[in-house]
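Asks: Annotations per TrEMBL:
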DOMAIN    1-191  domain 'Mannitol dehydrogenase N-terminal'
BINDING   A3, L4, H5, F6, G7, A8, G9, N10, I11, G12, R13, G14  NAD(+) binding site
DOMAIN    202-343  domain 'Mannitol dehydrogenase C-terminal'
Amino acid sequence: MKALHFGAGNIGRGFIGLLLSQSGYEVVFSDVNESLVQSLQKRGSYEVTIADESRERIPVHGVDAIDGRNSTEVAEAVATADLITTAVGVPILKHIAPGIAAGIRLRMERGGTPFHVIACENAIGASTQLKEHVMSLLSAEEQEKAALLVAFPDSAVDRIVPLQHHEDPLAVTVERFYEWVINRSQMFPDTKEISGVHYVDDLIPYIERKLFTVNTGHCSAAYAGYHKGYATIQEAMKDEEVIGLVNGALQETGSMLIRVYGFDASEHEAYIHKIMDRFRNPYLSDEVVRVGRSPIRKLSPDDRLIRPAVRILEQGGSTEHLTKVMALALKFDYAEDPEAVELQSLIAEQGACEAFVKVSGLDASHVLTQRVMVVYEQ
Ligand SMILES: NC(=O)C1=CN([C@@H]2O[C@H](COP(=O)(O)OP(=O)(O)OC[C@H]3O[C@@H](n4cnc5c(N)ncnc54)[C@H](O)[C@@H]3O)[C@@H](O)[C@H]2O)C=CC1
Ligand SMILES: O=P(O)(O)OC[C@H]1O[C@](O)(CO)[C@@H](O)[C@@H]1O
């Protein structure tokens, strides 16, 4: 069984590639990073280290790589893979869509077997987004045939994998915890299951619980930590004010999630505590600028801050801490993050309110916009 995985980065090697390999797949990575591709081709293996007291080292053998810029090679790999996964970042999905569409065409010509494409990105409905990009490149007739050949089940992925600073460019250190949930109802029946994956019929409660707890909490620590001059999440999470903000934001999203999905309140509280402990993991060093990356995406309507806050307000709840995190996100002026640079120029040119309106999709008169602006000015 061959799995083609787009993106040989941290999640690609440290999570998805590892699990697929452990599940018996021969993993082929497609990446645009030439040296990464060459190292994988040359060595055919890499090592994952678990960030806890065990420092367990897990070898991943039998891997290969192709150059993601070589459209012929990508299309051929798509045409012959048993499974396709991605971990490239949501904005990159549209760039890998042409290779997937070309591979689907080849597969249709050759009468290939049905397969799945699973986007392992931090977003609600990432596989569905990828499907829309791919389908828009096919004719109406091809789309009809493709619907019988390829399905795009949505998924939720959770494992903290920081930026890696090893001598070995392929080595990757990851936390022990992981959760990979896939929407079974969007899959073809009787498909081989990936071991370690949790299959569910309704993904929404899982992805929202994950995105609005792990990712809301993590970016809260990142934006507050950056503002206070901390370099890492581990340092920031020793500061009582940061801890209070993270916990406050997670109590706000938690009350909303409990009300919407009927989660048990004490189990959800334990989930929050476990996540805050994961942020503190002393065996990892996770830079605030990584976790805060792409503030425009993080402040977008369906992401980890705006979507829960709007729903909390509709329920009559408090968004005091989330509001503060949004104001801090507007202050994230890290010069090496392209979205932070873009956001800061937008603020400089049009003012913070107009910039917030543009990225969040909320009106200037929306109560959330007004509250964020009050905190921002303070
Ligand atoms: N790092 C983490 O802790 C987690 C990340 N995620 C999500 O996983 C995704 C990937 O994140 P990371 O692995 O951290 O990023 P990363 O930057 O380490 O890896 C992304 C990889 O994609 C490659 N890439 C870029 N354009 C490409 C293209 N056109 N074709 C093929 N490969 C391409 C890059 O060269 C890079 O190697 C993101 O959506 C992120 O939100 C989800 C859960 C945890
Ligand atoms: O690109 P994003 O959304 O910041 O992804 C990284 C986030 O995902 C996580 O791995 C949580 O699953 C965190 O490390 C981090 O907050």
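Placement of Cβ uses the backbone N, Cα and C atoms for every residue, glycine included.
Curation plays no part in TrEMBL annotations; they are all automatic predictions.
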Asks: Let's check the environment of R13 (NAD(+) binding site): how many other CB atoms sit within 10 Å of its CB?
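Replies: For R13 (NAD(+) binding site), the 10 Å Cβ neighbour count is 29.
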Asks: Near ligand 1, meaning Cβ under 6 Å from any of its atoms: which of the binding-site residues G7, G9, I11, R13 fit that description?
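Replies: Checking each Cβ against ligand 1, the ones under 6 Å are G7, G9, I11.
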Asks: Average the per-residue pLDDT over the domain 'Mannitol dehydrogenase N-terminal' (1-191) and send me the rounded value.
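Replies: Computed over the domain 'Mannitol dehydrogenase N-terminal' (1-191), the mean pLDDT is 97 on the 0 to 100 scale.
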Asks: In three-state terms from DSSP, label A3 (NAD(+) binding site) for me.
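Replies: In the DSSP reduction, A3 (NAD(+) binding site) maps to strand.
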Asks: Using DSSP and collapsing to three states, where does G9 (NAD(+) binding site) fall: helix, strand or coil?
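Replies: Reduced to three states, the DSSP call for G9 (NAD(+) binding site) is coil.
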Asks: Of the residues in the domain 'Mannitol dehydrogenase C-terminal' (202-343), how many are helix, strand and coil by DSSP?
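Replies: Per DSSP, the residues of the domain 'Mannitol dehydrogenase C-terminal' (202-343) fall into 100 helix, 2 strand, 40 coil.
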